[in-house]
Amino acid sequence: MTENTHETAPNTADTDTADFDTADTDRADGAADVSTNTPNETGEAAIPELVIISGMSGAGRSTAAKCLEDLGWFVVDNLPPALIPTMVELGARSQGNVARIAVVVDVRGRRFFDNLRESLADLEAKHVTRRIVFLESSDDALVRRFESVRRPHPLQGDGRIVDGIAAERDLLRELRGDADLVIDTSSLNVHELRAKMDAQFAGESEPELRATVMSFGYKYGLPVDADLVVDCRFLPNPHWVPELRPFTGVNEEVSDYVFDQPGAKEFLNQYTELLQLIAAGYRREGKRYVTIAVGCTGGKHRSVAMSEKLSARLAAEGIETVLVHRDMGRE
């Protein structure tokens, strides 16, 4: 299955800003808000699956949590880390009614972080299946988001927003290294973030491997969350063909032009074969997701056309694919 997200990310991070979690960053009292879903009426008692959502304030933790809630997860927001094992135990006593728990953890102090490490060690000792999803974003994007909603960063104190961001990034550095999934939302709007979450968690049975194919423009920077990067700048640029310049790689005229160039089809065929080899290795290593970044100069023509074809090829090979055109609308 291929999911196309042709909505393009603007060069500022203020789209749907309120749907990212800057609005929740002033809740430092540790009070837990519990969002419940209708439980199943069947099922035996079992240890529930656990996802821990954390990351930078303003990077989209609340959006990620809402996505999981929509997918039927039992979501607990702003839960003190020390209570995570208790929540899992309560889920295990629910006789199968709570099979999947997502916990949003807001680590704002050293003691909170120590409690989280202790809780993770406790869960590991009890053989609880857990995943850590870490949401991050660039300093510039986070500053724009906080400024757009006119809220201070929870850790800035009497300083500036950038001071709070720096303090939080340093505090979360170790947790980011332990994360199973890191999502950079610097250039994503909320719809694209939801698409990424859906790619990882949607469906009753998860596929063996899920891929995000993302076209981008080198002039706007490499996607920081890319696992593999493809450079399409070896192909002639449709930008210099006047009748093609207004179009994008989604349009048939541009796609035909790109794949009529020497080496284009051969590259697509050989790279698809290479990805099949890599995918087999990822499966053996237990890797569940991969982000493939496909770049050209501006992210409008060549990379878009190649990403369209590549995502279709991967879907035909049984790899569930999300297609994102990061920079297609910037020029």
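Each residue, glycine too, has its Cβ placed from N, Cα and C.
Look at Swiss-Prot and you will find GLY55, MET56, SER57, GLY58, ALA59, GLY60, ARG61, SER62 tagged as ATP binding site, backed by sequence analysis. Neighbours of MET56 (ATP binding site), defined as other CB atoms within 10 A of its CB across all chains, total 25.
The GTP binding site feature in Swiss-Prot is assigned to ASP106, VAL107, ARG108, GLY109; the stated evidence is sequence analysis. ASP106 (GTP binding site) counts 24 other C-beta atoms within 10 Å of its own C-beta, drawing on all protein chains shown.
What Swiss-Prot records for 1-43 is region 'Disordered'.
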Quiz item: Cα-Cα separation of ALA59 (ATP binding site) and ASP106 (GTP binding site), in Å?
Solution: 12
Quiz item: Least buried of the binding-site residues SER57, SER62, going by other Cβ atoms within 10 Å?
Solution: SER62
Self-check item: ASP106 (GTP binding site) versus MET56 (ATP binding site) - Cα distance in angstrom
Solution: 9
Quiz item: Where SER57 (ATP binding site) and ASP106 (GTP binding site) are concerned, what is their Cα separation in Å, rounded?
Solution: 8
Quiz item: In whole Å, how far is ASP106 (GTP binding site) from GLY58 (ATP binding site) when you measure between their Cα atoms?
Solution: 11
Quiz item: Just the number: how many Å between the Cα atoms of SER62 (ATP binding site) and ASP106 (GTP binding site)?
Solution: 11
